[in-house]
Amino acid sequence: MLSFGKMRKRIEPVVLCAQIASAFFDTGLQMVVKERCANMTDALSPTPTEDSRQKAMSNFYMIYNMLAKFVPILPAILLAKVGDLGYRKIPIVIPLVGYLVSRVVLLLVIVMDLPIQAMFGGVVVHGLSGGFCSYWAGVMALVSLTSTEEDRSLHMMHIELVYGVAGLIGSLASGHLFQLYSVDFKQGTLLVSLSVFLYFLCLIYTTFFFLMPSFSTSAHERNETNGFVTERNSRNILNILLLFASGILYDVAVGGGMEILVTFEMKEPLNWSATQVGYGNAAGFVVFLTSFLGVMVMSRWVSDVTLIIIGMVSFAAGIYFMAFVTATYMFYLARALTLFALIPMPTIRALLSKQVNGSSYGITLISLQLSFKIASLAYTPIYTKVYQATLDWFPGFVFTLSSIITVLATIPVSMVGCRSGRADGYERILGN
């Protein structure tokens, strides 16, 4: 049983509470966008079609997602540098302020009937505070510093598990909470109000109660600091580049596919309600649990690189199947195939952290997150326009595209595995 003093050194309560709040927000935003876009297209056209509603939704999300990814770039770099100077709380606390403000904006959109475009202002404020890019890199930098090289992958997957369980709980409840309303409160008011309240609790806890834990340093990191492994620098740099390439390709495949999936769920033949949206989002968060169990079991017998490839193949199979979904049960079958899809990213982060000094964790991990943001500035409009262009003949085409890109992402990380294998053999020879 953890004492309150020890609990104050754990970041898990923040991750848990913030992700439940995020799940509430995501469902609320999705349903509000569906309603407002339908109203807008119905008002503008005497004979509105499902395709016109889909295009309005996908255009909104294209602008929203691009703002969410472009605006945080500079603030996130500054926050990462502040974190690497020793102020590890800052890259977590400041984004939480932005989260709180952006969720308040959605609440005002619902309560005061503001135009849905007001959310663009909310996402800009969110971005100026560093956004998810800074928040998650800050959390992962903290985890890296409080774990050794040997158990870092497992520790990162543990945080991902907490994130996933929280998302699962929040998503399961969100659809039901969205539909609760009365004469005095509009549909979605309670759900988004709870999201705002939970983010407020996270901000208060992180600012005033959370205590920074002591940092651990592995033998390799101590040697690196003392200059005993400088000859490995060139190998580390190439490994970092290969890991970045693999991570970016995988993020393009996952990010592009998942952004379109939000809109895809709202069209025929699925055309989900708020409750079904919540359950669908929950199915996505189950993957965090299966991925964590996969790492726990398989890490005993296979390397980190092999784990990454297994996760990528799992996603490639599931997203390819998603392209042919025509009924809700098929959606869940496709999700089931992606059971290890969350293994690659935390494992890539763990491998990256092994290539650099502890004082560079923050800037390295934020650089990875920012590379995802920059890539998304290209893939978000491309995926959106491809989806709109193929709506009539094959709306699932973008998912097959994601599957192909995922297969390509396995190539750079496989090269890291080959190089590491040769280097380890060379070190054993030298040791003998």
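We count from 1, first residue shown onward.
Using the three backbone atoms N, Cα and C, a Cβ is placed for every residue, glycine included.
The following features are taken from TrEMBL:
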type	residues	note
TRANSMEM	61-80	transmembrane segment
TRANSMEM	92-112	transmembrane segment
TRANSMEM	118-145	transmembrane segment
TRANSMEM	157-178	transmembrane segment
TRANSMEM	190-215	transmembrane segment
TRANSMEM	236-258	transmembrane segment
TRANSMEM	278-298	transmembrane segment
TRANSMEM	305-323	transmembrane segment
TRANSMEM	329-348	transmembrane segment
TRANSMEM	394-418	transmembrane segment
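For the transmembrane segment (92-112), the residues of the chain that approach it from at least six positions outside its boundaries are 11, 14, 18, 21-22, 25, 28-29, 32, 75, 79, 118-119, 121-123, 125-132, 134-135, 138-139, 142, 186-189, 192-193, 195-196, 199-200, 202-203, 206-207, judged by C-beta separation under 8 angstroms. Stretch with the most C-beta contacts under 8 angstroms to the transmembrane segment (394-418), considering only 61-80, 157-178, 190-215, 236-258, 329-348: 236-258. In this chain, the transmembrane segment (190-215) lies out of contact with the transmembrane segment (305-323); the count of Cβ pairs under 8 Å, excluding pairs fewer than 6 apart in sequence, is fewer than 3.
Same-chain residues lying 6+ beyond the ends of the transmembrane segment (157-178) with a Cβ under 8 Å from its Cβ atoms: 11-12, 15-24, 26-28, 31, 139-140, 143, 187-188, 190-191, 194, 273-282, 284-289, 291-292, 295-296, 342-343, 345-347. Long-range Cβ contacts of the transmembrane segment (278-298) within its own chain (Cβ-Cβ under 8 Å, at least 6 residues beyond either end) map to 23, 26-27, 153-154, 157-158, 160-161, 163-168, 171-176, 178, 258, 265, 272, 306-307, 310-311, 331-332, 335, 338-343, 347. Residues 11, 14-15, 18, 29, 63-64, 67-73, 75-76, 79-80, 83-84, 88, 90-92, 94-99, 101-106, 108-109, 152, 155-156, 159, 212-213, 215-216, 346, 349-350, 353, 358, 361-362, 365-366, 368-370, 372-373 of the same chain lie 6 or more positions beyond the ends of the transmembrane segment (118-145) yet place their CB under 8 Å from a CB of it.
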